[in-house]
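Here is what Swiss-Prot says about this protein:
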type    : residues                                      : note
DOMAIN  : 68-206                                        : domain 'Flavodoxin-like'
BINDING : 74-79, 121-124, 157-166                       : FMN binding site
DOMAIN  : 240-454                                       : domain 'FAD-binding FR-type'
BINDING : 328, 362, 392-395, 410-412, 416, 425-428, 606 : FAD binding site
BINDING : 525, 526, 531, 532, 533, 534, 535, 568        : NADP(+) binding site
């Protein structure tokens, strides 16, 4: 800017300038960029209502800037948050960006992309998140085009406690390269404490693209600043700033002789204004069991009074372990590090065998590893092994149309024994055992736009949810009841025993009597010699299920275990489509994929 320009008076009276500052306070980089383009378009006489580009003077022949496509493939919202932050970074660098959920992406046109930046999580046994399944299948099919004119970079999220850590990111990265794409940067695989890695990757990507891609003007940025991606949340409460709520009900809903301990949890949100929809999850921040902490400290020869630094704060070790570190779930890196620090021969043998290491980490809690292997560590050494505490997510089991300022959960309490020592899950035992009624807990809503009731209240729905997977379908039924929805509803539920494990039995029976629940099919796996599961019940009703899908336009929903149940249900549905629709295996699989793309087959599996 020249000196003369810098001395030019601001062409706004103080009152108008104050109004402008008021309007723009608190806006994101993306929103400010859009407003900038909108106003520039107004000044040029362009039609800004459709975010069209202002007409350039005839003497100017600007080069059309490259559009950078960011694909967000998120399961719990973390990948989407990173993608949104990356979008804002690139917009601030005056680059043209299109951020889109992978589930909304027209992937058959992928070969037209110049730059793809993908942020993806991983679910189940190394599988892509639900919204990216159709895209994943397309990329790995014979239909996938060459990407010889496309550059890419991938940021993969995962959890090191699982064998196939960040596998989806690995797969996408490898496939982009196999199709001829140019890798801009090495793939990043990030664990649950991903924040620093994500920030570094975003910075590296932005700096690289600033040099590689011509910048766009404000109006061109505005044309892509508003893009078809669901923002994570507009609530003041989130993972980093949770709501302090109150536990109002903790009721066991399995029988006294059941092998399962399932709790119906009700949480009072007060007048917080926190809103959720059926299909969303509730994030619960928990604290570790003081007895577990004491056991770890005693085994390591520590008092708990030692001072350690956590996020720039100095805390007593025992307090830090209770509030800030994961103590219940082991992982392979921790086992390897503990073996190195203690030089324990048995652990050293285990870590030399990848399969043995994975099995040991998955089946041996941290405290039992310490007990079995022995060894003394300093406070700093111990916490250096541990991952930060992360919230647990639970499918919400209520509709606010029914329960208003409450949120309900269906929590399966994890309990087991190791060498005669009783162990329990960190979050589930916190809710079931350690949090008193009327006690406070920190919560937030994790929105899941990939698990929603159909917009049309007359559309039929088929709900498949064994065990605690039935939770969101309780919310679905409450919502449809309050909406006066006329669509048919069909529930498939399963558990070991009818007498002990029929969760919410009275409610389902009332919905049947009312006529809201058209059908309910029940699978009790241990009430007879031959085990019966929900997938068996699906096959028994193949003809009617096919009629609901093909003729009535039914929506299918699956919730629960990703490792076994969800795959078995997938296989059963493909068998039904193949058998009743007269298709071969490949055509049936494609039919199910089309249902996904139409949002008529949705899964919430974990």
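Using the three backbone atoms N, Cα and C, a Cβ is placed for every residue, glycine included.
Features recorded in Swiss-Prot, as mapped to the structure shown.
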residue : record               : Cβ neighbours (10 Å)
77      : FMN binding site     : 24
121     : FMN binding site     : 28
394     : FAD binding site     : 25
410     : FAD binding site     : 25
425     : FAD binding site     : 19
525     : NADP(+) binding site : 17
526     : NADP(+) binding site : 14
531     : NADP(+) binding site : 12
533     : NADP(+) binding site : 18
606     : FAD binding site     : 19
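Residue 535 (NADP(+) binding site) and residue 427 (FAD binding site) are 30 Å apart (CA-CA, integer value).
When DSSP labels each residue, the domain 'Flavodoxin-like' (68-206) comes out as 58 helix, 32 strand, 49 coil, counted as helix, strand and coil in that order. Counting in whole angstrom, residue 124 (FMN binding site) lies 19 from residue 425 (FAD binding site) by their C-alpha atoms. Between the CA atoms of residue 74 (FMN binding site) and residue 526 (NADP(+) binding site) there is a gap of 36 Å, rounded to the nearest whole number. Residue 427 (FAD binding site) falls within a helix when secondary structure is assigned with DSSP. Counting Cβ atoms from all protein chains shown, residue 165 (FMN binding site) has 21 others lying within 10 Å of its own Cβ.
Other C-beta atoms found within 10 angstroms of the C-beta of residue 159 (FMN binding site) number 18, with every protein chain shown included.
For residue 410 (FAD binding site), the nearest of the binding-site residues by C-alpha distance turns out to be 534; the candidates were 121, 526, 531, 534, 568. Cα-Cα distance from residue 328 (FAD binding site) to residue 525 (NADP(+) binding site): 29 Å (rounded to the nearest whole number). The Cβ neighbour count for residue 427 (FAD binding site), using a 10 Å radius over every protein chain in view, is 25.
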